[in-house]
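Database features, via Swiss-Prot:
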type     : residues                                                 : note
ACT_SITE : CYS75                                                    : active site, proton donor/acceptor
ACT_SITE : CYS187                                                   : active site, proton donor/acceptor
BINDING  : ASP11, SER12, TYR43, GLY44, ASN76, THR77, THR188, HIS189 : substrate binding site
Amino acid sequence: MKNKLQILIFDSGIGGLYFYSEIRKYIPHANYIYVLDNEGFPYGNKYKNFIFDRVTNIIIYMHNLYKFDLTIVACNTASSIALSYLKKFFISPVIGIKPDINESVNITKNNIIGLLATKITINYVLSNFFNFKSLNKIKLITLDANELIKLSEEKMRGKIIHLNKIKNILKPILLNKNIPDTIILGCTHLLFFYYEFKKIFPIGTKFIDSKKILLNKSIMLISENYIKKNKIKHQTVYYTKNNRYFKKICPLLNKYGFKYLKKIYIYK
């Protein structure tokens, strides 16, 4: 049995805070290290090699500082590119988040699915799932969610985002003759717009994300491997650049219980 459980949560932005808050409800006694690659944010408009190098280098760097029992890559884009490599590299479990294609295919009634994600995640889905003959009957409508990701960060920092602004970004999907009855939220940031999406899309639209899968995996992997102690009040954030963006999100990080803020010196 372990006296202290160490969990690493990685994201380019603050979208991973959603998973942190959810996982902490079930595993409140762990020491959480949230790693924020704010210098590389957003990943959606970056090249694959750039993302792969940053994700792997940063996570390896963190594993040299701490002995993690679980590493969570709470970013669809990063998971699509680097998760397979990281799983082979570390002995301790590494889990990530990817669009739940199977569930969306199983529940769609009109065989039209919408995917909101970064271009890299969209390409991952197209190359790994929609080249199978069994999915030929499915029509996939995709939308680059980069602007929605930026807006979600503004919302998390307390800014009011008007519904029409979100609706305008979603027009390429909403203006289709047949609107998808199932929408995949292929980015952690989009979970913060769940209620706005419910208002914008037709009644009955199903929204699919991978939070339950990620939570279940986390609980299954570590729930029996440590001694429960008192809940740790203050957690730690590591960031990659002390820029204006980071200063803006500091109050939010503090609100989530991250008192200790430390810079990663892997990049100059």
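Just so you know, glycine gets a Cβ as well, placed from its N, Cα and C.
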Remark   = Same-chain shell around substrate excluding ASP11, SER12, TYR43, GLY44, ASN76, THR77, THR188, HIS189, C-beta within 8 angstroms of the CB centroid, reads GLY13, GLY15, PRO42, CYS75, ALA78, THR118, ILE149, CYS187
Task = Translate the DSSP assignment of CYS187 (active site, proton donor/acceptor) into the three-state scheme.
result = coil
Ask   = So, in DSSP terms, is CYS75 (active site, proton donor/acceptor) helix, strand, or coil?
value = coil
Key: Of ASP11, ASN76, THR77, i.e. the binding-site residues, those within 10 Å of CYS187 (active site, proton donor/acceptor) when Cα atoms are compared   = ASN76, THR77
Cα-Cα distance maximum in Å, computed over every pair in ASP11, SER12, TYR43, GLY44, ASN76, THR77, THR188, HIS189 that the record assigns to substrate = 12
Task = State the Cα to Cα distance, in Å, between THR188 (substrate binding site) and CYS75 (active site, proton donor/acceptor), rounded to an integer.
result = 6
Ask   = Around TYR43 (substrate binding site), how many other C-beta atoms are within 10 angstroms of its C-beta?
value = 28
Task = Fill in the CA-CA distance, SER12 (substrate binding site) to CYS75 (active site, proton donor/acceptor), as an integer in Å.
result = 7
Ask   = What is the one among the binding-site residues ASN76, THR188 whose Cβ has the most other Cβ atoms less than or equal to 10 Å away?
value = ASN76
Task = Do me a favour and check the Cα-Cα span between GLY44 (substrate binding site) and CYS75 (active site, proton donor/acceptor); whole Å is fine.
result = 11
